[in-house]
Amino acid sequence: MIRAATGRSALLSYSWYGCFCGIGGSGTPVDATDRCCQAHDCCYRRLREGGCSPLLTPYRF
């Protein structure tokens, strides 16, 4: 979705950004982009808790 919206690679552009973009996450988000990554992490966590596999389930946006 990031590539579709910005033309940039999510992996290359955001993997090491702020406190929540990339693997893991803790602390206080540094800005709106980092808050978006925090919200994304929260959504994925809730899906996993509900028995879904969001990293393995393809979807169209």
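Cβ coordinates are placed from backbone N, Cα and C, and glycine is handled just like the others.
From a predicted model like this one, the values you see are computed outputs, not experimental measurements.
DSSP assigns G22 (Ca(2+) binding site) to coil in the three-state reduction, outside any helix or strand. Taking Cβ-Cβ distances under 8 Å and a sequence separation of 6 or more, the neighbours of G22 (Ca(2+) binding site) in its chain are Y14, S15, W16, C37. Per TrEMBL, the feature Ca(2+) binding site maps to F20, G22, G24, D41.
Among the features that TrEMBL reports, disulfide bond is placed at C21-C37.
Look at TrEMBL and you will find 1-61 tagged as domain 'Phospholipase A2-like central'.
Mapped onto three states, the DSSP output places D41 (Ca(2+) binding site) in helix. C37 (disulfide bond) has a Cβ environment of 20 other Cβ atoms inside 10 Å. Under a cutoff of 8 A between CB atoms, and with a sequence separation of 6+ in the same chain, the neighbours of F20 (Ca(2+) binding site) are P29, D34, R35, C37, Q38, H40, D41.
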